[in-house]
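Engineer: Have a look at the structure that comes next, please.
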Amino acid sequence: MQPPRERLVVTGRAGWMGMGRGAGRSALGLWPTLAFLLCSFPAAISPCKILKCNSEFWSATSSGSHAPASDDVPEFCAALRTYALCTRRTARTCRGDLAYHSAVHGIEDLMSQHNCSKDGPTSQPRVRTLPPAGDSQERSDSPEICHYEKSFHKHSAAPNYTHCGLFGDPHLRTFTDHFQTCKVQGAWPLIDNNYLNVQVTNTPVLPGSAATATSKLTIIFKNFQECVDQKVYQAEMDELPSAFADGSKNGGDKHGANSLKITEKVSGQHVEIQAKYIGTTIVVRQVGRYLTFAVRMPEEVVNAVEDRDSQGLYLCLRGCPLNQQIDFQAFRANAESPRRPAAASPSPVVPETFPYETAVAKCKEKLPVEDLYYQACVFDLLTTGDVNFTLAAYYALEDGKMLHSNKDKLHLFERTRELPGAVAAAAAAATTFPLAPQILLGTIPLLVLLPVLW
């Protein structure tokens, strides 16, 4: 049987803060939920300090000289009591915070499972080792396990890398190179695996507008062995930080902390995060008022999920739900047709958009290849009227050039491009039959609609 210490460390890799196989199913089920809630209610924008309590508890139970050794149930209970005390101290500022209330219930559950009394000693604060003289951000003596490629090459062939990106109104390129235009208003998980959680929030471009764009992004790097502490990065409209939520720029105080680094490429516009311990690179940009996201990640990490059935909303892996996808081709066909005169009755507020020809010309300037990035650019100018969306599509393609491992798959094209020709052939065949004129007139609209209904 695995000793408690090892079980704690193993679970640290796979989840948020679960207690390993020794904990009951109810406790293990709590922590993924808590991770999702923490994405939605981050400490960076709230006086509630539950994230600090979570981090301190995990630090106390995952590594270092104060971590519970084998059969150290009393010490583990002491860590739980310290965790409970921390939550009580922040209770006044956490009223109504779902992450806080989930943590409180989780503590009660774990104390019950481990037969911990509510009264008793608490754990001592973790003794942090001082960094060597100089800048603590520049340590380079990371253990091999904290460098994914070195560790991987030792045991097998080079890893296969995949790419996912989100930009514009919003458009999603999945890890499997599917390209979708989605509604997805509100908060949605882009990535949810054993090492990383990424959540985006999309809001209407203007009140009353159907067009949405990414206004908020939260990335949670989970605690990983001797490499990194749990770290949270959050960006919002008009605020692209150059550091994690706790002010640091690397993975914390562990020996391999330098395997997670954040670098500001262009102040307030472009940030890059390198997570070498999982072979991952993330690019976050602010273009105009809105955010774009791009990631390069090994397939092994992409698919590292505990419960595959619970990953239905992992957008980068699964794509957008069907009821959230927009038929981009039908919209374009509508836009290409002559505009009807404005209706006399009042209509909802919509942004002032570009004529189709102008949108095409502006997108051509930045995106000469008429691929799906170009089509996305045209779509965004037609729906938002914001010329910054041209740059969003351009930078999404540039990030793809840097992050995608297969340059032959960089440009994606419409898979149904042959359909209009097929419809024309069907229409020609239909005219060879001696049908009554009124039946033919009824058939033609249906044939025209086939590309939309396909």
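Cβ atoms here come from the backbone N, Cα and C positions, even for glycine.
Keep in mind the model is a prediction, meaning the values are calculated, not measured.
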Engineer: Check for me: which candidate out of Cys146, Cys164, Cys182 does Swiss-Prot give as the disulfide partner of Cys227?
Structural biologist: Cys146
Engineer: Can you tell which of Cys94, Cys116, Cys164, Cys182 is bonded to Cys316 by a disulfide, based on Swiss-Prot?
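Structural biologist: Partner cysteine, according to Swiss-Prot: Cys164.
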Engineer: Do you know offhand how many angstrom separate Cys146 (disulfide bond) and Asn115 (N-linked glycosylation site) by C-alpha?
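Structural biologist: Taking the Cα atoms only, Cys146 (disulfide bond) lies 36 Å from Asn115 (N-linked glycosylation site).
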Engineer: Given a 10 Å Cβ-Cβ cut-off, pick out the one of the glycosylation sites Asn115, Asn160, Asn388 that has the most other Cβ atoms nearby.
Structural biologist: Asn388
Engineer: Mind giving me a neighbour count for Cys164 (disulfide bond)? Other Cβ atoms within 10 Å of its Cβ, every protein chain shown.
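Structural biologist: Cys164 (disulfide bond): 26 neighbouring Cβ atoms within 10 Å.
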Engineer: Reported as an integer number of Å, what is the Cα distance between Asn115 (N-linked glycosylation site) and Cys164 (disulfide bond)?
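Structural biologist: Answer for this pair: 45 Å between alpha carbons.
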Engineer: Taking Cα atoms as reference points, rank the recorded positions Asn160, Cys227, Asn388 by distance from Cys316 (disulfide bond) and give the first.
Structural biologist: Asn160
Engineer: Quick check for the class: what is the C-alpha distance, in angstrom and rounded, between Cys227 (disulfide bond) and Cys164 (disulfide bond)?
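Structural biologist: Rounded to the nearest whole number, the Cα-Cα distance is 25 Å.
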Engineer: In whole Å, how far is Cys164 (disulfide bond) from Asn388 (N-linked glycosylation site) when you measure between their Cα atoms?
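Structural biologist: Here the two Cα atoms are 21 Å apart.
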